[in-house]
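As annotated by Swiss-Prot, 5-phospho-alpha-D-ribose 1-diphosphate binding site applies to Gly79, 82-83, Thr87, 89-92, 107-115, Ser119. Taken from Swiss-Prot, the feature anthranilate 1 binding site applies to Gly79. As annotated by Swiss-Prot, Mg(2+) 1 binding site applies to Ser91, Glu224. What Swiss-Prot records for Arg165 is anthranilate 2 binding site. Under the heading Mg(2+) 2 binding site, Swiss-Prot lists Asp223, Glu224.
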Amino acid sequence: MKGILNALYHQKDLNDEEVKRLFTFIINEEVSPTQLGAILCALKIKGESLSEISAAATTLLEHAPKPFKSGLDLIDNCGTGGDGLKTINISTIAALIASSMGLPMAKHGSRSVSSHSGSADLLENLGVNIEMNRAQLENCLKESHFGFLFAPLYHQSFKKSAPLRKELFTKTIFNCLGPLINPLRPTIQLLGVYDESLCKTMVLALKALGVKRAMVVNGGGTDEIVLHAITHACELKNNEILEYDLSAKDFNLPPYDLKELQIESVQESVQACLDILENKGKDSHTMVVVANVASLLYLSNRAKDLKEGVSMTLEHLKTKAPYTHLQKIIRLSHA
């Protein structure tokens with residue numbers, strides 16, 4: 001441990017073996033809170049390398065319980081969080097709608113650290129059992145195309161380090177790791193990052209971990225695809241990386257102001273979610289979610305492009321099927 005800390009203090013990248021040892025220490029609680037704080041801050045100041053992020057994710061996945069093999073090309077749209085902008089739960093609402101359209105969504109997430117409402121906070125307040133056991137998760141995913149994997153259940157290091165990480169008042173390598181360590185190993189991912197500079201690193205990390213199709217995005221400083229600003233995207237397609245910018249025009253949607261997406265409580269996010277699912281949400285809320293669903297449809301080859309994905313989603317919302325689908329998910333999660 002001393003050697004690893006000294007290397008980090010001198011701003012040297014750790015090799016794969018050092019990262020594996022370090023995260024094994026963290027998993028086995030062989031690191032004191034003081035040491036963990038020093039490690040996270042040193043990594044942050046140095047800048048986490050692609051190889052460090054990939055090796056840490058691989059180590060955490062090796063130690064995580066394996067829920068089951070679904071036999072499906074699962075999709076996740078978990079983001080890093082940490083943008084601090086306190087918006088509605090765009091990705092979680094998008095996952096619920098996408099699953100109601102038949103996309104197999106294995107949503108990996110946790111409670112909020114920097115916002116009013118994380119994915120677990122929203123789903124729990126909607127009535128979903130966020131701590132599904134193996135049988136419940138498998139059945140819910142099979143019957144509703146939606147399953148929620150509460151990160152602390154599968155990665156104890158996340159749960160035990162959460163209070164310390166919150167006290168650091170900064171993003172850490174754990175923000176980057178969250179979207180990479182879904183125990184069900186999805187093959188398709190839409191991943192939002194809190195900083196545009198992470199887009200290339202994270203899409204390469206997904207590729208290294210075996211993901212086949214992905215898009216890593218940062219929209220106007222948020223870890224989402226947005227309509228109020230340019231969204232920078234790095235796409236993994238046919239084993240190649242494509243880098244480009246997206247605007248509202250690419251979705252054939254109008255722009256909206258960021259302020260219209262910001263909330264003050266989890267209750268506001270819950271109401272926004274229910275309104276969107278019933279096709280009576282604010283346009284600013286609905287359209288940004290639609291853009292994210294469209295991207296999931298595009299990545300899964302259900303839509304030939306983003307504009308077609310938008311049209312498909314808007315037509316689906318008119319049926320109000322997503323709201324009925326949520327009730328099914330709630331019931332199955334407790335069955």
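Counting starts with 1 at the first residue shown.
Cβ atoms are placed via backbone N, Cα and C, with glycine included.
Overlay of Swiss-Prot annotations on the structure.
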residue: Gly79; record: 5-phospho-alpha-D-ribose 1-diphosphate binding site; Cβ neighbours (10 Å): 26
residue: Thr87; record: 5-phospho-alpha-D-ribose 1-diphosphate binding site; Cβ neighbours (10 Å): 23
residue: Ser91; record: 5-phospho-alpha-D-ribose 1-diphosphate binding site; Cβ neighbours (10 Å): 26
residue: His108; record: 5-phospho-alpha-D-ribose 1-diphosphate binding site; Cβ neighbours (10 Å): 24
residue: Arg111; record: 5-phospho-alpha-D-ribose 1-diphosphate binding site; Cβ neighbours (10 Å): 20
residue: Arg165; record: anthranilate 2 binding site; Cβ neighbours (10 Å): 19
residue: Asp223; record: Mg(2+) 2 binding site; Cβ neighbours (10 Å): 27
residue: Glu224; record: Mg(2+) 1 binding site; Cβ neighbours (10 Å): 29
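Neighbours of Glu224 (Mg(2+) 1 binding site) among the binding-site residues His108, Arg111, Arg165, defined as a Cα within 10 Å of its Cα, are absent: none qualifies. Following the DSSP three-state reduction, the secondary structure of Glu224 (Mg(2+) 1 binding site) is coil. Taken residue by residue with DSSP, Ser91 (5-phospho-alpha-D-ribose 1-diphosphate binding site) is part of a helix.
In the three-state DSSP classification, Gly79 (5-phospho-alpha-D-ribose 1-diphosphate binding site) falls within coil.
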